[in-house]
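Asks: According to Swiss-Prot, the active site, proton acceptor annotation covers H44, E75, on the basis of sequence analysis. The active site, proton donor feature in Swiss-Prot is assigned to H201; the stated evidence is sequence analysis. According to Swiss-Prot, the 3-amino-2-oxopropyl phosphate binding site annotation covers N8, R19, D202, G224, H225, on the basis of sequence analysis. Residues annotated as 1-deoxy-D-xylulose 5-phosphate binding site in Swiss-Prot, with sequence analysis given as evidence: R46, H51, T110. Annotation comment: Swiss-Prot describes E161 as site 'Transition state stabilizer', evidence class sequence analysis.
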Amino acid sequence: MTTKLSVNLNKVALVRNTRHLGIPSVTRAATLCLQAGANGITVHPRPDERHIRTDDVRDLALLMQAWPDREFNIEGNPLHNLMDVVHGLVEKKLPVHQVTFVPDSEGQFTSDHGWNFPGDASRLRPLIAQAHAWGLRVSLFMDADPAAMAGAQAVGADRVELYTEPYAAAWGTAQQTPQLARFAETARAALKLGLGVNAGHDLNRDNLSAFIQAVPGVAEVSIGHALIADALELGYSATVQAYLRCIAQGRS
C-alpha cells in the first residue's frame with residue numbers, strides 16, 4: 001500500500017494575506033507541489049478567512065480539473081462554514097474528493113483535538129449523510145483512541161484522520177515509543193472496522209518515516225506547516241520530493 005501525500009496550503013495563504021499583492025500565490029504553490037509528485041492538495045478554510053479564503057477554494061478546485069489523478073481535500077468544521085463552501089463546489093461540478101470534519105471552534109488557533117463519541121454522533125450523522133449524497137468521501141479528525149473508532153464507523157465515516165501532534169511532541173523523548181504504539185493500535189482498530197486511516201498535524205521530515213513504518217495502513221498524510229516552512233529554504237519541488245522519500249523510507 002502506498003501512503004499518499006496531500007499538501008496543506010494554509011500557510012501560503014497566511015503569508016499572502018499580510019499584503020494585498022496576491023503573492024505568494026496559492027494556486028502557483030499547488031501547481032508546483034503537484035508537478036513535484038504530491039498526490040493531493042488540502043485546505044482548511046476557517047470562518048474568519050485568516051488564511052484560505054472561499055475564493056481560494058474555488059480557484060484550487062478549478063486548478064484540480066487539470067489533475068484528474070490527484071485529490072482535493074477540504075477540512076473544516078461542518079457546523080460552521082465548511083458545508084456551504086463545499087456545496088458551492090458541488091453545485092458547479094468542480095472537483096472535491098474528500099471532506100475532513102474537524103471540531104474546531106470559531107477563531108481557534110489551530111486544530112487540537114478530535115471528535116467525541118457518543119457526544120458528537122447526532123450532529124455528525126446527518127452531515128456525513130449529506131456529504132455522501134454529494135458523492136464525497138468523509139474523514140473524521142480523531143484523537144488516537146482505539147475505543148473511539150467504533151463511534152466514527154457508526155456515524156458513517158469512511159476514514160479517520162489521526163491527530164498526530166501528541167506523537168510529534170513526543171518525538172525524541174521516552175514517550176515516542178508509547179505514542180507510536182498507541183497510534184498503531186488505533187489504526188488497527190480503525191482498519192478492522194473497515195475505516196481508512198489518514199494522519200496529520202505536526203508531521204515533518206524528521207518524524208514522518210518512523211510514523212509510516214510503525215502505523216499500519218496509513219492511506220494519506222496531510223502536511224502543511226512543516227512542509228511550507230521547509231519550502232522557504234528548499235523550494236516547493238525539492239521539499240515535496242523529500243517528503244515523498246520519507247514516506248517511501250517508512251514503507252521500505
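Including glycine, each Cβ sits where the backbone N, Cα and C put it.
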Asks: According to DSSP, does H225 (3-amino-2-oxopropyl phosphate binding site) sit in a helix, a strand, or coil?
Replies: helix
Asks: Can you tell me the three-state DSSP label for E161 (site 'Transition state stabilizer')?
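Replies: Looking at the DSSP assignment, E161 (site 'Transition state stabilizer') belongs to a strand.
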Asks: Within 10 Å of N8 (3-amino-2-oxopropyl phosphate binding site) (Cα-Cα), which of the recorded positions H44, R46, H51, E161?
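Replies: Close recorded positions: H44.
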Asks: Name the one residue among R46, H51, E75, E161, H201 whose Cα is closest in three-dimensional space to that of R19 (3-amino-2-oxopropyl phosphate binding site); these are the recorded positions.
Replies: H51
Asks: Are any of R46, H51, E75, E161, H201 (the recorded positions) within 10 Å of G224 (3-amino-2-oxopropyl phosphate binding site) when you go C-alpha to C-alpha, and if so which?
Replies: H201
Asks: Using Cα coordinates, what distance in whole Å links D202 (3-amino-2-oxopropyl phosphate binding site) and H51 (1-deoxy-D-xylulose 5-phosphate binding site)?
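Replies: Here the two Cα atoms are 18 Å apart.
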